[in-house]
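**Student:** Feature table excerpt (TrEMBL):
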type	residues	note
REGION	1-26	region 'Disordered'
BINDING	F91, G92, S93, D104, I105, D106, D158, K219, Y228	ATP binding site
BINDING	D104, D106, D158	Mg(2+) 2 binding site
DOMAIN	211-359	domain 'Poly(A) polymerase central'
DOMAIN	362-414	domain 'Poly(A) polymerase RNA-binding'
REGION	527-588	region 'Disordered'
COMPBIAS	528-540	compositional bias 'Low complexity'
COMPBIAS	556-566	compositional bias 'Polar residues'
COMPBIAS	574-588	compositional bias 'Low complexity'
REGION	620-652	region 'Disordered'
COMPBIAS	641-652	compositional bias 'Basic and acidic residues'
Amino acid sequence: MAASVTDRTPHLGVSQPISTSRPDPKDIVMTDQLIATLKKFNSYEPKEETEKRMEVLRSLNRLVKEWVKKVTAIKIPSGEGANAGGKLFTFGSYRLGVHSSGADIDTLAVVPRHIDRTDFFTSFKEMLRQDPNVTELHGVEEAFVPVMKLKYSGVELDILFARLALKEVPDTQDLFDDQLLRNLDQESVRSLNGCRVAEMLLKLVPRQKEFCIALRAIKLWAKNHGIYSNSMGFFGGISWAILVARACQLYPNASASRIVHRMFFIFSTWTWPHPVLLSALDQDRCDIPTLCDLIWDPRKKNSDRFHLMPIITPAFPEQNSTHNVTRSTCHIIRNEICEGLEICKDITEGKATWEDLFKEVKFFSRYKHYIALIMATSTEEEELNYGGFLESRIRLLVQSLERNQDILIAHNDTNKHRPSPNAKFDVRPENTRITIWFIGLEFAEHATNLDLTSEIQRFRTNVELQASGVKGIGPNSQVEIDMFYMKRTRLFSIIGAAALKKGRDWKPPKNPPPPMGPVPYRTTVARTSSTNSVPTTPTTLVAPSTPLSEAMPTSEPDSTTNNGTPVSRKRVVQEATSTSETVTTSTIEDVPPEKRIRDDTLEEPILEMVVEVANGVVEESSEVELEKDNGHLNGSNGLEASEKHMEVPQSV
């Protein structure tokens, strides 16, 4: 009888299971407690909300069919396309059955070959605009995966677009056939990938019920710990789903509570950057050679060699879902997973509850120093269009800050904030809608003076140039963006106390993650003295041989070096004197002594920020002491020089 039970255990994935043990009574009790806690955190939506979502999807599906019919009548007046069809598919959390109350729905509009993307962002968008049930409508046509965002009867939706090389798209259309990818543009292939991955995921997990419960738990934990956002350099929903699916494959008979525990255990000791795979890569597809270039393969593609935490999607063409992860976000994610493992151990031993795992973590308890990025707009439409664009670019600023040898961690908050009622900003009177994002900074032990002007100004210039070419924004946009430094003790001057106090204080894990493993296929890179030659991959640079206090004067008279060579920015950190230095990949754990986190018992360093006014070469330098944190907010003035004439910290 035991042999018969063992034979029914599904073996999926690229390796044999670690354990095929079945749940014991304690596992069943813990799973029941987990489900009850998830319901308490609104991870399950009520029946009425489910019915409303289904009605919204039916209405949008009818709109897609009606739109395809109208465009077909214009493009094929002979009537041959009367049965062109069109269909709305769902994917993401909704398709996997793990969406929470109030969550958005990821959808895909699939149309026949005579309908193009221009029609989608013009005639279909106009049809949606005329629908009284539609609000907050805006398109992001220039995104890596073009998308239309809206609310329909209060339900938030993202609609992607894909055009198949078919005359008709009937209601029975299936997207799982790889041959459908023939002769499609890359945007359509990426859009179809979401639906195909969701279907493949459900086929590659041994028990869908346990998978869905565990995934709900991991998604809730990741969101409340601020590590759930693909566009901002963390893991997105599909990445977390693949990690949970891999845990299910390795423990095919485990209960949902056990899978949550095992997920933390597996990936707290995972030897990154070795990839996470649910199935073997299908790299030799002679039938579709044009799509083989899209498959993740660090042996052939240089860009793939620099991915820090590759998690590969299971559907062809297999791609890395975490290519946005930076050095800082990698370190943060690994620390959070280790802390999750410690809490799960306490839950198993009866020292903690599931609520302790899901409690929201206070972002502003993590760091003492922050960069605030503000966006000021005059209308809701500008706020939606520019806000989505700007949020997707914040990780580029993080990567730029990471290249500064004095910055160990640049941690961008995944949440955006509204200013407090009394906060004042130097913006146009008509730009009354203000949004704020924060980046927490952790400095190296040897940090004495920092000049972030170059990183800030380069980011601002690039964003403004790119935004001028984005449809829906344009070169005449009146949106204003600004950035300034703030100490933790001064945050109350721009955001409310509720946002500052929300959540529990962050605590570092007792057992931090092990050092990153060697990066396969990566070679040593020769780096010149110019910062622009540093590859975009986050790396840890060798600390300068000369002490910073001796190497850098307090000010620079002009923008040239001693030998007359122009420089693109003021550097407070002096480069090594040699023309090139060897940079080898390392991690936060391998940081040399010169770059360890500074001890607060040492003499407090100085942060120098230089302000350049666009209308003239006027520079305003203020030296800002980094505070000795006393553990709570106080009214000390951290920006004395700049606050003499501004009610907010100096802008950069």
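Easy rule for this one: first residue shown is 1, then count along the chain.
Quick reminder: no glycine exception, Cβ is built from N, Cα and C everywhere.
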**Student:** Inside 10 Å of the Cβ of D158 (ATP binding site), count up the other Cβ atoms and send me the figure.
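**Tutor:** That number is 18.
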**Student:** Summarise the model confidence on the domain 'Poly(A) polymerase RNA-binding' (362-414) as a single mean pLDDT, whole number.
**Tutor:** 92
**Student:** Helix, strand, coil residue numbers for the domain 'Poly(A) polymerase RNA-binding' (362-414) per DSSP?
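**Tutor:** For that range the per-state counts are 24 helix, 15 strand, 14 coil.
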**Student:** Among all protein chains shown, how many Cβ atoms are found within 10 Å of the Cβ of I105 (ATP binding site), not counting that one?
**Tutor:** 21
**Student:** Let me know the most crowded of the binding-site residues, choosing from F91, Y228 and counting other Cβ atoms within 10 Å.
**Tutor:** F91
**Student:** Between D106 (Mg(2+) 2 binding site) and D158 (ATP binding site), what C-alpha distance do you get in Å?
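**Tutor:** On Cα coordinates alone, these residues lie 5 Å apart.
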**Student:** Kindly report the helix/strand/coil residue split of the domain 'Poly(A) polymerase central' (211-359) according to DSSP, in that order.
**Tutor:** 79 helix, 6 strand, 64 coil
**Student:** Need this for a regression test: binding-site residues F91, S93, D158, Y228, filtered to those with Cα within 10 Å of D104 (Mg(2+) 2 binding site). What's left?
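**Tutor:** Candidates kept after distance check: S93, D158.
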**Student:** Cβ within 8 angstroms of the Cβ centroid of D104, D106, D158: which residues besides those meet this for the Mg(2+) 2 site?
**Tutor:** G92, Y94, I105, T107, K149, E156, L157, I159
